[in-house]
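In what follows, a single structure is set out as structure tokens and then discussed.
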Amino acid sequence: MNIKQQSFRTIWPVADGQAVDIQAVEVIDQTSLPHEFRIVRITTLQAMIHAIRTMQVRGAPLIGASAAYGMALASKASAEDAALAAAAQALLASRPTAVNLRWAVQRMLQHLLALPVQERRDAAWQEAAVICDEDVALNKAIAAHGLGLLRAIAVTRQSAGVLNILTHCNAGWLATVDWGTALAPVYAAHEAGMQVHVWVDETRPRNQGASLTAWELGQHGVPHTVITDNAGGHLMQHGQVDVVIVGADRVSGAGDVCNKIGTYLKALAAHDNQVPFYVAVPSPTIDWQIVDAQRDITIEERDADEVGFMQGRLDNGELARVSLLPEGSAVANPAFDVTPARLVTGIITERGVCSPAQLVALFEQPVNG
Ligand SMILES: CSC[C@H]1O[C@H](OP(=O)(O)O)[C@H](O)[C@@H]1O
């Protein structure tokens, strides 16, 4: 998407200077936004695992794309079966909740192990690039289907000519290779000339909304207002939210949605106020193996310091990290929650918009359980 009128993806391959063919990856370092725009060059598997774990790259689809390039980086050292299997295990351990990581690693492993060892390195870089291009295509399809949905909602709900959309966390182009998932319909609506406005949940503790969603919407000229996580219910009670659209990290075939912590509370408020609640889901984010989402999905517990400290910019322009808590206070930091399908109005996929109950049929999957 656009950054100061220049088109960017979130991740791209580069020659690393030592070899003529592609041997490294560059990413936008999302831990530096919104105050600094930094590009990081990644040349090893361990550096890619660090980037995923520290959330320099984050968002389910982008985590998948990053893991795919992680396998390509691993193949530089060795493309033998055992080496690739070890790389896969190390990548899978980096973050447990977004199913795209498992999906991408399994796809890369299956693709490479079917080839002669000497062909695997080039094939790894090619397949990782295919995964990235597919992600962009999936998100563009979600944009198109979501645009139709927003037009339909605007006919019945928009007030004063503006469609007010609330989103939680960052499921924009920064969470994917490009275009985004939850924000893809928003960008499509904006570019189609619809009057849209986005309520941006700050999304404590990592503030993906305040630091990333607000930044990317601003770069693209989409009107938006940053709000505290606790304000969304109030806005819904006062008719100021026409639709909620969020992303996902793992969705069951029944339409239960695992997403950033706080999503469930937004879904409850939307349900209580008859506000449509939609989830934008590319098919690699669907885990058809899930039977009981509350039981079967591992909720990542992240470091206490994410809650106890905040990073920001001082009045003199310097970046600083400040402590928020009294000495000795315990911290709990679950990074995701599960919204039951009964609270989900619909799911926006690359194949169209459906109800949770229609998801299996839309993808012609065998019924689980
Ligand atoms: C389009 S996936 C975005 C999804 O990923 C985020 O999690 P994180 O920032 O921890 O990687 C969040 O759950 C978003 O909805």
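Numbering starts at 1 and runs along the chain as it is shown here.
Using N, Cα and C of the backbone, Cβ positions are placed for all residues, glycine too.
Quick look at what TrEMBL annotates:
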- R58, G59, A60, R95, Q208, N259, K260: substrate binding site (BINDING)
- C169: site 'Transition state stabilizer' (SITE)
- D249: active site, proton donor (ACT_SITE)
Least buried by Cβ count (within 10 Å) of the binding-site residues R58, R95, K260: R95
Residues among the recorded positions R58, R95, C169, Q208, N259, K260 that border ligand 1 - Cβ under 6 angstroms, in sequence order: R58, C169, Q208, N259, K260
Other C-beta atoms that fall within 10 angstroms of the C-beta of A60 (substrate binding site): 29
Neighbourhood of D249 (active site, proton donor), C-beta criterion under 8 angstroms, separation at least six: A60, T97, A98, V99, N100, C258, N259, K260, T285, F336
Cα-Cα distance linking C169 (site 'Transition state stabilizer') and Q208 (substrate binding site), given in Å to the nearest integer: 5
Shell of the substrate site beyond R58, G59, A60, R95, Q208, N259, K260, same chain only (C-beta within 8 angstroms of their C-beta centre): I63, A98, C169, N170, A171, A175, G247, D249, A335, F336
Whole-number Å value for how far C169 (site 'Transition state stabilizer') lies from R58 (substrate binding site) (Cα to Cα): 11
Cα-to-Cα gap, C169 (site 'Transition state stabilizer') vs R95 (substrate binding site), nearest whole Å: 17
In the chain carrying G59 (substrate binding site), residues 6 or more apart in sequence that have Cβ under 8 angstroms from it: A98, N170, A171, L174, A175, T176, G247
For substrate, whose listed binding residues are R58, G59, A60, R95, Q208, N259, K260, the greatest C-alpha pairwise distance in Å: 17
